[in-house]
Amino acid sequence: MIQVLLVTICLAVFPYQGSSIILGSGNVNDYEVVYPRKVTALPKGAAQPKYEDTMQYEFKVNGEPVVLHLEKNKGLFSEDYSETHYSPDGREITTYPPVEDHCYYHGRIQNDADSTASISACNGLKGHFKLQGEMYLIEPLELSDSEAHAVFKYENVEKEDEAPKMCGVTQNWESYEPIKKASQLNLTPEQQRYLNTKKYIELVIVADNVMVKKYTSNSTAIRTRIYACVNTLNLIYRAFNIHIALVGIEIWSNKDLINVISASNVTLDLFGNWRRRVLLRRKRHDNAQLLTAIDLDGPTIGLARVGSMCDPKCSTGIVQDHSKLDVMVAVTMAHELAHNLGINHDGNQCNCGGNPCIMSATLNFEPAYRFSDCSRDEHWRYLIDNRPPCILNKPLITDIVSPPVCGNYFVEVGEECDCGLPAHCQNPCCNAATCKLRPGTQCEDGECCEQCQFTSAGTECRAAKSECDIAESCTGQSADCPTDNFQRNGRPCLNNNGYCYNGKCPTLDHQCISFFGSSATVAPDVCFNLNLKGEGNFYCRRENTRIFPCAPQDKKCGRLFCVLGPTGNTISCQSTYSQSDLDIGMVDLGTKCGDGRVCNSTRQCVDVNTAY
């Protein structure tokens, strides 16, 4: 017989209700003081981790007992999670701290099916929970008795200021056609399987130097802020079957590595360039968010590029650290990340079931935890139309560093599936009690899984995006769609106007259209003669500050030149460039530069048969 030791830490409601207090969350006008009672059943003599995988607390809210069930947010960190900061002399310092035994949890209130919770248990309980449709916050009180906590409604937190707070994405709803409802989309079985497949976003968060100053160089406080935000992000994105893993944070402790200014569009552009040139080369990730303490322009508290997920430059966002409350900053980050996932602002016709909507253009005083029906439909449409490839990269089971626990929505070593606790599981393929597939089933999720069985061999699971792409089909032996492949590089495309390169057909004309609009075309050869000079922005190669002119045969592999509409008797050579990103405006690699010739990585026009 296994002996069980029942460990109980007393928690009772303190016989006092405060009228006003200053807490870490701000000025609170009405609160209750409680003492947590934690009940944990442990085998006698078993080693107890610092932070258990599951915990249970009992306390009273408004005089009524509640039971808070908490489960550690497994998968919050990736195996290769790293932290980067900078020494006073500017040296980059990267560490890989152990994060197995972290203290961030999701949870629910017993007997409240609509309840949620996002809690840090690092030093007492700090976070928020939803009870009977209302948002409550809990945090430790700085009293001699360290077990005392304050519990209060979100509505009892005084507003920090009355100024409106908005997203910087501008949009004229009247210019858009009505959103086609998900039920109106004529989805193929392959598309439906793709939508049902779980997605993963590997996230990096960068804290700028103003954040460092705001938190008085306390890197622990900055980390705690970021961890709490990402813990809430994960809770929000369960609605889209998306898991967010924090793969790294970077703190610009010495100075900013870009020019962070209040003009949010400029800062976002500079951050995207830095991410593409620097961050992606040393840290694999899908999306990066800049967390800044600078006061962005006007009422703006965030900005992101719509529909840019997985793009090397544009899969980014900027979020102002605008509130003392972690949840408010987390909701803003969720909003900007949703823009990256193809979701625009909600219009008046959008519905969140009477709750504040995450994609409202203006920040609600009450935290928005739900996506509207419009957001869901736009997100699905974006996924179907764009198929962002990076979010299907499922972390390996062995990459999850903490011990497995069944019921946390994350498949770990020894598990075949994980659909949450039995009360919440809606997956007919998975036994929620054991995290094993039910008898007679082969799979629970994937582009090649349908009704718990592997899709038959030959069933298309990824359509070709262009004539340079290849459609992939299921093997009949796996729930996963095979690796995305494309036609061989150098294959003629677009009626011999280009050659395939990494699944696309780059041409000079298409690049001109992307920069200058639909009326733009490639300029005459005389414009490209400017690249022969090797002066200013007109060249083929650059090494540090030194530039090299193009050889005559390579001039169409340097700076791109276009003309805008009919030119008459004069030619206006149009080009574009950026001081922050020197590759912008250069001819793309793989572009046709002559009959049977393409631009290679050193910007030479070479024979297509020897280029790859």
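Any Cβ shown, glycine's included, is placed from N, Cα and C.
Database features, via Swiss-Prot:
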SIGNAL    1-20  signal peptide
DOMAIN    199-395  domain 'Peptidase M12B'
BINDING   E202, D286, C390, N393  Ca(2+) 1 binding site
CARBOHYD  N218  N-linked glycosylation site
DISULFID  C310-C390  disulfide bond
BINDING   H335, H339, H345  Zn(2+) binding site
ACT_SITE  E336  active site
DISULFID  C350-C374  disulfide bond
DISULFID  C352-C357  disulfide bond
DOMAIN    403-489  domain 'Disintegrin'
BINDING   V405, N408, F410, E412, E415, D418  Ca(2+) 2 binding site
DISULFID  C419-C425  disulfide bond
DISULFID  C429-C452  disulfide bond
DISULFID  C443-C449  disulfide bond
DISULFID  C468-C500  disulfide bond
DISULFID  C493-C505  disulfide bond
DISULFID  C512-C562  disulfide bond
DISULFID  C527-C573  disulfide bond
DISULFID  C540-C550  disulfide bond
DISULFID  C557-C599  disulfide bond
Most crowded position, judged by CB atoms within 10 A, among N218, N393, N408 as recorded positions: N408
Euclidean distance between Cα atoms of F410 (Ca(2+) 2 binding site) and C540 (disulfide bond), Å: 49
When distances run from the Cα of C390 (Ca(2+) 1 binding site) to each of the recorded positions C350, V405, C573, the nearest one: V405
Residues of the domain 'Disintegrin' (403-489) by DSSP state, where helix covers H, G and I: 0 helix, 15 strand, 72 coil
10 Å Cα neighbourhood of N408 (Ca(2+) 2 binding site): matching recorded positions from H339, C374, N393, C429, C500: none
V405 (Ca(2+) 2 binding site) to C443 (disulfide bond) - Cα separation in whole Å: 20
Winner by Cβ contact number (other Cβ atoms within 10 Å) across the binding-site residues H335, H339, H345: H335
Disulfide-bonded residues: C425, C449 - member with fewest neighbouring CB atoms within 10 Å: C425
Cα separation, C573 (disulfide bond) to H345 (Zn(2+) binding site) (Å, whole number): 38
Integer average pLDDT (0 to 100) for the domain 'Disintegrin' (403-489): 88
Reduced DSSP assignment, C500 (disulfide bond): coil
Under 8 Å by Cβ from C562 (disulfide bond), same chain, sequence gap 6 or more: Q511, C512, F515, F516, A520, T521, V522, A523, Q574, S575
Entries of C443, C500, C527, C550 which, being disulfide-bonded residues, have CA atoms within 10 angstroms of C429 (disulfide bond): C443
Local Cβ density at C505 (disulfide bond) - other Cβ atoms counted within 10 Å: 22
Nonlocal residues around C452 (disulfide bond), in sequence order (Cβ under 8 Å, 6 or more apart): P428, C429, L437, R438, G440, T441, Q442, C443, E444
Assigned conformation of C599 (disulfide bond) - DSSP reduced to three states: strand
H335, H339, H345 excluded, remaining Cβ within 8 Å of their centroid (Zn(2+)): C167, V169, G302, A304, V306, E336, A338, I343, N344, I358, M359, A361
